[in-house]
Amino acid sequence: MKVIDQFKNKKVLVLGLAKSGESAARLLDKLGAIVTVNDGKPFEDNPAAQSLLEEGIKVITGGHPLELLDEEFALMVKNPGIPYNNPMIEKALAKGIPVLTEVELAYLISEAPIIGITGSNGKTTTTTMIGEVLTAAGQHGLLSGNIGYPASQVAQIASDKDTLVMELSSFQLMGVQEFHPEIAVITNLMPTHIDYHGSFSEYVAAKWNIQNKMTAADFLVLNFNQDLAKDLTSKTEATVVPFSTLEKVDGAYLEDGQLYFRGEVVMAANEIGVPGSHNVENALATIAVAKLRGVDNQTIKETLSAFGGVKHRLQFVDDIKGVKFYNDSKSTNILATQKALSGFDNSKVVLIAGGLDRGNEFDELVPDITGLKKMVILGQSAERVKRAADKAGVAYVEATDIADATRKAYELATQGDVVLLSPANASWDMYANFEVRGDLFIDTVAELKE
């Protein structure tokens, strides 16, 4: 990693632990900063805080005392999940203290070039596809960021022979200043996380931060299926490389069942190793990045053909007596579930849906769920999802939790059917995150098979 001295002997407050906060605290300590960590979880239930204290880092747990900011901190590094209306963050900003996320730290120390991937849906799959293609081509794509490996941790071990392939959320991108990827991808932009950002325009602005420092020597890969992406083209200094499944573009595109890059066939769409029209878009974005990095068509084709998907994103779990189970717990919004359903014959799908109630109506989902065999509905949003099912003419049953939903879905399915967990909602009404929800689905499927 690059050894930088801009944090040496500076007082830095790390707000919120989890993986990214813990990684940031250790990195800042290594760089000579005077680090204080503040986390809401009580110390006795906080292994990360206990570990950091043993390493000599100051920790304050069990709450977020505003008087802590009476100290003269030069910087705050916040956990990306903490909203900007948090009183600690509001006070820090009012005092003129810069508030960053650990993605910025990763950029500052990274010896490796960075490819950043953001968007409303498809981030994880596209990030993984890009990482696997680059690694197959000898460019060693190191996955990091929102995909589960803290960027600041991976950046410490990356050399200039590697490529940091970062999945970036809007939460993370709100906290960057100098962050400068060589290639950035925006998979798509849909109204999500409005409860965090306040409006769709603020959400788009957060995503757009990915390209703030890019120049004409850098490449911004955009989804030209969306008029919004086309409109944004004039608002960047970067060289835009489009991808589309709807039209021929000066980039990656679908035509007559083939995936092209600038007029050259790379592979057939039906050779992609994972189903669904959304994965064609993900593959096109990957092809654009790979070709910009000089990867040959055969390597791209072989890697994407063998691609097995990502856990919790249309993940094939098992087959029990001819009933296939797919875990799409990462589908936390309507668009993601629409795209998941596009890969299946509705008449053979039992869909498990529902979760955190964010006030959404699900009318947009009605055309996509019409013709489903059955639905199993759960969670805070159940009444709203049931209204959509009624409009679509789909019969449903209710469930108390994911385990109950999985069992009921299996009872409703017959040989040749698919049980699809694709909730179209966040998990936080019942579960800590979509991973926990998906893992419970996987565990229940395993129990059903016994």
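Keep in mind that glycine also has a Cβ here, set from the backbone N, Cα and C atoms.
The ATP binding site annotation in Swiss-Prot covers Gly119, Ser120, Asn121, Gly122, Lys123, Thr124, Thr125. In three-state terms derived from DSSP, Lys123 (ATP binding site) belongs to a helical segment.
Long-range C-beta contacts of Thr125 (ATP binding site), restricted to its own chain and to partners at least six residues apart, with a cutoff below 8 Å, comprise Val274, Asn279, Asn282, Gly309, Val310, Arg313. Cβ neighbour count for Thr124 (ATP binding site): 23 (other Cβ atoms within 10 Å of its Cβ, all protein chains included). Long-range Cβ proximity for Lys123 (ATP binding site), meaning a same-chain Cβ under 8 A and a gap of 6 or more residues, is found for Ile117, Asn146, Ile147, Glu167, Leu168, Ser169, Thr187. Taking Cβ-Cβ distances under 8 Å and a sequence gap of 6 or more within the same chain, the neighbours of Gly122 (ATP binding site) are Thr187, Asn188, His278, Glu281, Asn282, Ala285.
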